[in-house]
């Protein structure tokens, strides 16, 4: 069985593109107990914690991920409230930022950890459009307070790297890992 260690609708929809059967289970972890300070290590550590929190059988495949947004000065997870979402979007306005997603894949006794980084540039945002966007509720459950696949995508001026990474699950790397191990891309015989 393939288990996606996430309750994120975005990750669920992304994984569905692989045309595989899987179940999504929300792992219960304490994200405040992180030892790392750089985004690459934080997303890897959280992805690993999520995978380890899933109760699975020995032959199950577990996929878990965590995404952060960061500027040169700050690391952003999900906003706690509308005020924090406004501050995040104001900070991202008119600037480049990086989106990091860490992924843990457990296949039998093998544990594969990797991260992907994508650069995103926002155009200059008006306070009133930030306020409107927050009023839709869309940014409140997303790292960096925006969803590139939704209305938040209108803020994006440029992107360098993997779009699916910004959504929350870097599909090209994940596909290759699963394909090389015969988990995806198999034809019926």
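Glycine is no exception: its Cβ is also placed from the backbone N, Cα and C atoms.
TrEMBL: automatically predicted annotations, no manual curation.
These numbers come from a predicted model, not from an experiment.
Going by TrEMBL, these are the annotated features:
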- 10: site 'Important for substrate specificity' (SITE)
- 66: active site, proton acceptor (ACT_SITE)
- 67: site 'Important for substrate specificity' (SITE)
- 149: site 'Important for substrate specificity' (SITE)
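Sequence features, as recorded in TrEMBL, placed on the structure.
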{"residue": "10", "record": "site 'Important for substrate specificity'", "DSSP (3 states)": "helix"}
{"residue": "66", "record": "active site, proton acceptor", "DSSP (3 states)": "strand"}
{"residue": "149", "record": "site 'Important for substrate specificity'", "DSSP (3 states)": "coil"}
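For residue 66 (active site, proton acceptor) paired with residue 149 (site 'Important for substrate specificity'), the C-alpha to C-alpha distance reads 17 Å. Taking only the Cα positions, the spacing between residue 67 (site 'Important for substrate specificity') and residue 10 (site 'Important for substrate specificity') is 12 angstrom. Distance between Cα atoms for residue 149 (site 'Important for substrate specificity') and residue 10 (site 'Important for substrate specificity'): 9 Å, as a whole number.
Cβ neighbours of residue 10 (site 'Important for substrate specificity') (same chain, under 8 Å, six or more residues apart in sequence): 147, 149, 167, 168, 169. Taking the recorded sites 67, 149 in turn, the residue surrounded by the fewest other Cβ atoms inside 10 Å of its Cβ turns out to be 149.
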